[in-house]
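Worksheet: the structure to be examined is printed underneath.
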Amino acid sequence: MTMTLHTKASGMALLHQIQGNELEPLNRPQLKMPMERALGEVYVDNSKPTVFNYPEGAAYEFNAAAAAAAAASAPVYGQSGIAYGPGSEAAAFSANSLGAFPQLNSVSPSPLMLLHPPPQLSPFLHPHGQQVPYYLENEPSAYAVRDTGPPAFYRSNSDNRRQNGRERLSSSNEKGNMIMESAKETRYCAVCNDYASGYHYGVWSCEGCKAFFKRSIQGHNDYMCPATNQCTIDKNRRKSCQACRLRKCYEVGMMKGGIRKDRRGGRMLKHKRQRDDLEGRNEMGASGDMRAANLWPSPLVIKHTKKNSPALSLTADQMVSALLDAEPPMIYSEYDPSRPFSEASMMGLLTNLADRELVHMINWAKRVPGFGDLNLHDQVHLLECAWLEILMIGLVWRSMEHPGKLLFAPNLLLDRNQGKCVEGMVEIFDMLLATSSRFRMMNLQGEEFVCLKSIILLNSGVYTFLSSTLKSLEEKDHIHRVLDKITDTLIHLMAKAGLTLQQQHRRLAQLLLILSHIRHMSNKGMEHLYNMKCKNVVPLYDLLLEMLDAHRLHAPASRMGVPPEEPSQTQLATTSSTSAHSLQTYYIPPEAEGFPNTI
């Protein structure tokens with residue numbers, strides 16, 4: 001079949017026009033036509049020219065009269081080439097050569113009727129998402145919508161979005177899989193080049209080299225190379241030479257402490273926590289903070305003491321029970337109500353009562369937990385420093401139920417007026433009554449009393465005066481441990497009574513402050529007793545006299561009012577041996593006591 005072609009110049013001009021139209025953005029105005037019916041069946045009035053926005057972007061004005069002329073001269077765009085000729089021939093050529101591709105610019109004089117678009121949409125996308133049908137055949141009566149679907153590479157807006165999403169998802173999955181595969185990169189042993197099982201001793205290594213290095217650093221490792229210390233260590237020959245294998249372990253960086261911080265075992269973390277707890281407790285004790293939850297010393301601390309005393313292993317309740325059992329019995333005085341009081345008679349009654357109480361005090365001290373673990377020198381030293389304080393706190397405790405009076409014995413109850421018969425006794429009486437009133441106001445319990453009494457015994461000689469002529473304590477550390485134990489027992493009693501932490505702190509401070517007043521009263525009483533001795537008002541008994549002389553040796557030289565003569569070494573040795581002999585002589589076995597307890 002032959003076709004008539006146009007000139008070359010006109011063909012090139014039309015080609016440029018078509019290329020320009022294809023490159024224009026698809027933002028053409030919508031198809032302008034009068035709406036005579038609902039969408040889907042739209043009729044064009046033949047009397048009015050109408051503007052069509054064709055898919056390729058070219059706008060044409062036509063009416064029914066000009067349709068035939070336009071159809072006769074419409075150019076045809078084909079896939080195999082560009083040809084220009086009459087409309088009928090061009091339509092036949094275009095249909096035969098393009099197949100399913102749409103025919104452009106073929107116009108019919110008959111009215112245009114748009115039908116519902118098929119499910120397959122146009123490959124040409126409208127800017128506003130409208131679906132525009134495309135036309136293939138030149139029919140004399142009307143334009144028909146081709147039912148054949150568009151090519152596979154053309155899709156609607158929604159289909160494109162779904163397809164793009166699926167493509168992005170699949171590409172991201174492929175990238176993620178590639179990253180995971182690269183993360184799971186196979187690692188090899190730095191020693192023998194076998195597959196590594198993990199990070200061991202600072203390097204990536206297999207199980208065999210890890211176990212070999214562990215055995216080598218923990219046990220016998222004096223290996224000898226049978227060759228020149230240059231053996232090849234690989235997967236197959238790693239067991240041939242232990243010396244070269246160990247050498248290579250060190251060369252690649254294996255070390256005993258080479259453990260990753262995030263792979264520390266439970267045992268190592270447990271040891272680290274124990275170390276931190278011990279350091280924290282030491283810092284806490286150094287700063288003087290009060291113990292909170294755990295009142296007892298740590299076993300790690302007790303282990304380093306000079307003596308592992310059984311008293312340090314007692315619980316709070318066991319300590320209280322032991323102190324209550326050790327309490328001495330009540331002692332009756334030789335008071336005769338038929339005889340009036342005088343200075344000599346009252347001092348004789350009081351000194352005789354004190355001398356007998358000293359005997360029971362020695363027996364009580366030996367039963368205090370921790371006191372019997374001390375050597376004889378320290379036991380004598382503590383008793384010589386605290387004997388009058390112990391007698392006074394016992395007197396104050398017995399007098400709590402008798403306001404304004406002092407109960408020296410069950411048959412000897414004295415008030416302030418009766419104490420005036422002894423020179424200088426009223427001041428000491430007033431201090432004793434004030435302390436008894438303080439105990440009564442605080443509602444002191446018997447368990448707290450025995451703890452305070454033991455604290456007085458153990459704390460009296462710890463801080464020896466620099467001017468003292470006797471040597472100080474030899475086992476101060478052990479004494480401090482026992483003191484801490486008794487103090488913790490006192491706190492336990494307060495917590496057991498239901499006191500809050502703040503109330504416990506306040507009550508403990510108040511009780512310890514009372515001990516300082518008792519120390520002051522003891523010093524006043526010692527001065528008064530020494531003055532009575534110097535005036536020969538009353539004879540002193542042997543044990544009481546020894547205690548008084550020993551106290552003068554422990555006290556500063558200026559305390560007694562008159563400067564004492566410096567004792568000789570013979571006097572010091574005699575006093576020390578006499579006191580020690582007195583402690584052993586006046587010791588009463590517990591089974592020999594037949595008197596009721598004071599508590």
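Using the three backbone atoms N, Cα and C, a Cβ is placed for every residue, glycine included.
If you look up Swiss-Prot, you'll see Ser108 (among others) marked as phosphoserine.
Among the features that Swiss-Prot reports, phosphoserine is placed at Ser110 (among others).
Under the heading phosphoserine, Swiss-Prot lists Ser122 (among others), citing similarity to another entry as support.
Residues or ranges marked as phosphoserine by Swiss-Prot on the basis of similarity to another entry: Ser171 (among others).
Residues annotated as region 'Hinge' in Swiss-Prot: 255-314.
The asymmetric dimethylarginine annotation in Swiss-Prot covers Arg264.
Sequence annotations record features per position, and here Swiss-Prot assigns domain 'NR LBD' to 315-551.
In the three-state DSSP reading, His528 (17beta-estradiol binding site) counts as helix. If you look up Swiss-Prot, you'll see Glu357, Arg398, His528 marked as 17beta-estradiol binding site, on the strength of similarity to another entry.
Per Swiss-Prot, the feature S-palmitoyl cysteine maps to Cys451; the stated evidence is experimental evidence. Long-range Cβ proximity for Cys451 (S-palmitoyl cysteine), meaning a same-chain Cβ under 8 A and a gap of 6 or more residues, is found for Val320, Leu323, Ile486, Thr487, Thr489, Leu490, Leu493.
Sequence annotations record features per position, and here Swiss-Prot assigns phosphotyrosine to Tyr541.
The compositional bias 'Low complexity' feature in Swiss-Prot is assigned to 568-581.
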Under 8 Å by Cβ from Glu357 (17beta-estradiol binding site), counting only residues of that chain that are 6 or more apart: Pro328, Ile331, Leu391, Gly394
Neighbouring C-beta atoms (10 Å sphere around the C-beta of Arg398 (17beta-estradiol binding site)): 18
Cβ neighbours of His528 (17beta-estradiol binding site) where a neighbour is any other Cβ within 10 Å: 17
Longest CA-CA distance among Glu357, Arg398, His528, per record bound to 17beta-estradiol, angstrom: 22
